[in-house]
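What TrEMBL annotates here:
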{"type": "DOMAIN", "residues": "25-125", "note": "domain 'Phytocyanin'"}
{"type": "SIGNAL", "residues": "1-24", "note": "signal peptide"}
{"type": "TRANSMEM", "residues": "145-163", "note": "transmembrane segment"}
Amino acid sequence: MEGKSRFFFVLFLLLPLIAKQVSATPHVVGGSQGWEESVDLNSWASGETFKVGDQLVFKYSSGLHSVVELGSETAYKNCDLGTSLETKTTGNDVVKLNKVGTRYFACGTLGHCDQGMKMKITTVAGNAPSTPASTDSGAFTAHSFPRFLMFSPLLFTFLLCILF
């Protein structure tokens, strides 16, 4: 009986953690083309639903582009990069969407923002329906849940607790 109790106790503790990871959707900015000048980023963003808990994944050539988060719509409209909140430069950057509201992003390379390499997104409450991430991104989606669990440290811990 103790084994079953331990199983359900561990399941009770881990299920919310697994469920939270399942509900987060990664959005590869610009789709298969990524964070590039040739992509109409605002059109791409208008076709997505961004929820609290989701992630923006910026894929680009490091050294050629960067990701600058701007603090206001005025800064966004004027490409005022001097008011940036944060700058990312790795070429594979992840931004967590942790609250409801509008956020503004631009490329920090001189002239790129003025040429249209910028976007604004609006994040909604976490219970709104989310658009799935592109399957060619290699990112986790709810449809790949079994594959995700195969590599999950949580699953490994869960199995260890059950077996020992």
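Cβ atoms here come from the backbone N, Cα and C positions, even for glycine.
Note: TrEMBL annotation is automatic and uncurated.
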Task: Tally the residues of the domain 'Phytocyanin' (25-125) by DSSP class, grouping H, G and I as helix, E and B as strand, and everything else as coil.
output: 18 helix, 39 strand, 44 coil
Field: the domain 'Phytocyanin' (25-125) [mean pLDDT, rounded to integer]
entry: 96
